[in-house]
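Copied from TrEMBL, the annotated features are:
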DOMAIN    B:198-254  domain 'CBS'
TRANSMEM  B:356-376  transmembrane segment
TRANSMEM  B:382-409  transmembrane segment
TRANSMEM  B:421-445  transmembrane segment
2 protein chains.
Amino acid sequence: MEELNSEILLELLDAREFKKLKEKLENMHPVDIVEVMEEVGERQRVLMFRLLAKEEAAEVFTDMNSDMREDLINALTDSELEEVMEEMYVDDTVDVVEEMPANVVDRLLKATDEETRKKINALLQYPEDSAGSIMNIEYISLRKEMTVEEAILKIRQVGINKETIYTCYVTEKKKLIGSVDVKDLLTVGESRLIEEIMDENVLCARTLDDQEKVAAMIEKYSLVAIPIIDHENCLVGIVTVDDAMTVLQDEATEDISIMAGVTPNEDSYFGTSVFQHAKNRALWLMLLMLSATVSGEILAHYESAMAVMPILITFIPMLMGTSGNCGSQSSTMVIRGIAVGEIEFKEFFKVVFKEIRIAILVGLMLAVVNGIRVYIMYDQDIMLAIAIGITMIAIVCMAKCIGCTLPLFAKKIGLDPALMAAPLISTIMDTCTILMYFAIITAFFKL
Amino acid sequence: MEELNSEILLELLDAREFKKLKEKLENMHPVDIVEVMEEVGERQRVLMFRLLAKEEAAEVFTDMNSDMREDLINALTDSELEEVMEEMYVDDTVDVVEEMPANVVDRLLKATDEETRKKINALLQYPEDSAGSIMNIEYISLRKEMTVEEAILKIRQVGINKETIYTCYVTEKKKLIGSVDVKDLLTVGESRLIEEIMDENVLCARTLDDQEKVAAMIEKYSLVAIPIIDHENCLVGIVTVDDAMTVLQDEATEDISIMAGVTPNEDSYFGTSVFQHAKNRALWLMLLMLSATVSGEILAHYESAMAVMPILITFIPMLMGTSGNCGSQSSTMVIRGIAVGEIEFKEFFKVVFKEIRIAILVGLMLAVVNGIRVYIMYDQDIMLAIAIGITMIAIVCMAKCIGCTLPLFAKKIGLDPALMAAPLISTIMDTCTILMYFAIITAFFKL
């Protein structure tokens, strides 16, 4: 594979050395061509696209982002567009169609033949994030009466257009009854019947299943593809491992965004406008800012205690910070545990029990270290060291409990557990910490 | 595929209905069998394991966690262990060997034949997290002079033992010179030469490449497997998509842990002991707790200003919370952008410029909303509303700048960008916020 060297390509383009450029492009992976195209102007991009071989052009077209694609569609002639559409897989076409504005969709659909148009419309019916919306409708189906030789012959005839042919599915009246790996076809005798060698225990998913669930199945069972059946148990498509990988990565990105208090959107960081970024972030900030005023009011309430013992204010940032961090640690561990399917609501008490034990250990450690610091720094005030130590253990326990339970409750009532991450937890913990701190301190020093 | 129903299996086990149990197990996926085994006692587990067919036993053995595996090894006889080891893929055996204590490793190695032992030892040399350590050494290699017919014949002969045969690699004196998809073998004429149909632009990675980089390549180019070459460009193995998926998921989990201030470890949530959990969390908490005392000291320094205007303390939790959240949002977006390969250090100024514009928008919104609240709640004190508003805009801008630059710098100097997430950012922002707040307020009200 040629090293990606966009400069050389751009030089060739500027020098109008189209023949050499064409050769270079032929040896490049479509994904890399898209990367180069991202760096050049629109006019150059169209020029470059026109140099690509038909099949490669379709792949490049599939891989580019929606803005680039829209510009390109506007620049291409109808017949050029038709050529690209002909080479594209139906599921990729659907992905493209879903993102385009109505006028572009019209042009795209006009550029596809009648039969494909029907398939596109059928796929467009599936809800976003469903298995149906990401499935591939090109796969090989075999009949159980076929011999291995006939099956191989069928693959030879039709396989060249299929994105994945390594697992073939055996159907009877469109219903899925088994699967055969190409590996098996190649390694058993040619006269054997499909029926004899097929695996009847086929893992499958349904068109309306959540895409994340389907991707997780592919990962769990190390599959290359999973067949998708409709409500009548008829085989309608497959989801392949590369799509599953993208789904899992996108879901992780989405979770990470939500956990940082950012409304996720599907575009990339640079692909999202400043205004959209601000919108995605402002809502949470606003909500948390207003909630945080509660902590402020409570703090103001204890003004008199702080007037008597001004040193009390010194410990507030540390206590608030520690409780927020403790709570976020627990909630993050649980959120991720839920996301990867390790933790379920039924393990509620198991989780809480574990977190409490962790909290006691961690709380003790922090209390001792901090106690020594307080004792040394504040005139060997042993009472103060003890009071802050007790507060520390109490807030760590509280933070870990709240941190681990909120995501589980969120899951239970159908909310995204990732909402219960650092930003919300630390805002809640700020309020709880101040209340707990002054409750302990005022009792301890009889303020 | 049979529904996973552990109760039925356990009933059969208790009733000693081994024949029925065996039938049930035969229809289950190894991954599901492991799930059931996790729920039963050790004695029952060994009993169940002995009922499995040889091949299935090896897969179950590969899928279970290391504690279960160690118990099982201790319970099996030498000849039973030998049977299991015979069926296992070498790379899986290596994974098992790496996790076991020395005495168990001795038994395992004794149960493998001389040739496999050599292969295991070779694989054990690769550093942890390298492509070499996760690669599979079972693949099909072809020679360029072969015809398609000969190639298919070779696959027929040796393919049955290979985990992945869908991409065959063409080698010449062990050097990788091309690849052929099984798809292509099946769809071209049988008399064609491999040389004519092979793809010479093979993407490959090196044994010492980071496993994460290799997994990202597999995802980027939607590959089923990627060939791995050594320092002499000789083909030594392949990394398959299912391993890549696991690597990417594990990396996401690791990043999420670090971003929550938890030292990641490879075991699952429940698989990690309370003591280990406490250890993983205490270090960061300790560090952050001690850093947070700086904020406390600064706060104490402004005691006199707060004595004059006691209301000032009310805004501290809100300002600290908001700046922490703003900073975390930016750092999280950048950390994830770096992880998925979208953001690089060379885009430093592009990122900062974007974040500053976002910060101004967000800061203005927050300042206005909060200004109105302050104006209404605190006796229509317009000066106070303005002062807090200015502080708000200033800290949001500061938070976003610090939040987006720290991960990029971390990356530049070879640290994990995920370290620069919420816990650290909010601790830094606490100090910065208090300094900024009192600088503005004391200037504004001439305190």
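Yeah, the Cβs are placed from backbone N, Cα and C, and that goes for glycine too.
In TrEMBL, annotation is done automatically, which means it is predicted and not curated.
Sequence-distant neighbours of the transmembrane segment (B:421-445) (same chain, 6+ residues past either end, Cβ-Cβ under 8 Å): 258-261, 284, 288, 291-292, 294-295, 298-299, 302, 305, 309, 312, 315-316, 319-320, 323-328, 331-332, 335, 383, 386-387, 390-391, 394-395, 398-399, 402-403, 406-407.
In the predicted model, the domain 'CBS' (B:198-254) shows an average pLDDT of 89. A Cβ distance under 8 Å defines the sequence-distant neighbours of the transmembrane segment (B:356-376), meaning residues of its chain 6+ beyond its ends; these are 318, 322, 326, 330, 382, 384-386, 388-390, 392-394, 396-397, 399-401.
Note: the domain 'CBS' (B:198-254) comprises 24 helix, 16 strand, 17 coil (DSSP; helix = H, G, I, strand = E, B).
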